[in-house]
Amino acid sequence: MLNTTPINIDAWLAENSHLLQPPVNNFCLHRGGFTVMLVGGPNERTDYHVNPTPEWFYQKTGAMTLRIVDEQLSGAARFRDVTIREGDSFLLPANVPHNPVRYADTVGIVVEQDRPAGHFDQLRWYCRGCRELVCKYEFYMSDLSSQVREGIERFAASAEDRVCKHCGTLNYPTPQASAT
């Protein structure tokens, strides 16, 4: 049966904002061809997600920082921050590593395409000391409401995965006061 019931976002948030929980703080409103998510802040994650399809961001309340890795550059210059302010939309191209940083009392909407067969997502962690790749998990994304969280929990549970092979720095699944 065709769903013809609109969702009032403000009313939904007033009743359900408690569902936006760390580390990802997302709730999937719609699925089927695309997934439409509400995402609140603050979130608690240090991973960079690599999506084989584009992602559309709309910042409803407050501002967020989208940390990206421009793989056409080298060294520290490849790490860039994109500020998405209240009312802004931003289309992130496919295959760009990104870490959404959401602050307290902020809400955004993110739209992602369903993944084509044979296309895989990645969660990556870069060393907070030397910025080299520390760990990478690759998987077929079938459930945005759980798989990113599960990857973060897997990284948190493995001290071996969190130690940089280049400089020996221990990395964390959540932001630390001393993290760069």
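Using N, Cα and C of the backbone, Cβ positions are placed for all residues, glycine too.
Feature annotation from Swiss-Prot assigns O2 binding site to ARG45. With a cut-off of 8 Å between CB atoms and residues at least 6 apart in sequence, the same chain places PRO22, PRO23, VAL24, ASN99, PRO100, VAL148, ILE152, PRO173, THR174, PRO175 near ARG45 (O2 binding site), listed in sequence order. Under the DSSP three-state reduction, ARG45 (O2 binding site) is assigned to coil, being neither helix nor strand.
The annotation Fe cation binding site is assigned in Swiss-Prot to HIS49, GLU55, HIS98. DSSP gives GLU55 (Fe cation binding site) a strand state. Other C-beta atoms found within 10 angstroms of the C-beta of GLU55 (Fe cation binding site) number 20, with every protein chain shown included.
If you look up Swiss-Prot, you'll see GLU55, ARG102, GLU112 marked as substrate binding site.
Feature annotation from Swiss-Prot assigns divalent metal cation binding site to CYS127, CYS130, CYS164, CYS167; the stated evidence is sequence analysis. Using a 10 Å radius centred on the Cβ of CYS164 (divalent metal cation binding site) and all shown protein chains, the other Cβ atoms total 20.
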Residue pair GLU112 (substrate binding site), GLU55 (Fe cation binding site) - Cα distance, angstrom, rounded: 5
Cβ contacts of HIS49 (Fe cation binding site) (under 8 Å, same chain, 6 or more positions away): PRO97, HIS98, ASN99, PRO100, ASP121, GLN122, LEU123, ARG124, VAL148
Reduced DSSP assignment, GLU112 (substrate binding site): strand
Sequence-distant neighbours of CYS167 (divalent metal cation binding site) in its chain (C-beta under 8 A, six or more apart): CYS127, GLY129, CYS130, GLU132
Protein Cβ atoms within 10 Å of HIS98 (Fe cation binding site), excluding its own: 20
Three-state secondary structure, which DSSP defines for CYS130 (divalent metal cation binding site): coil
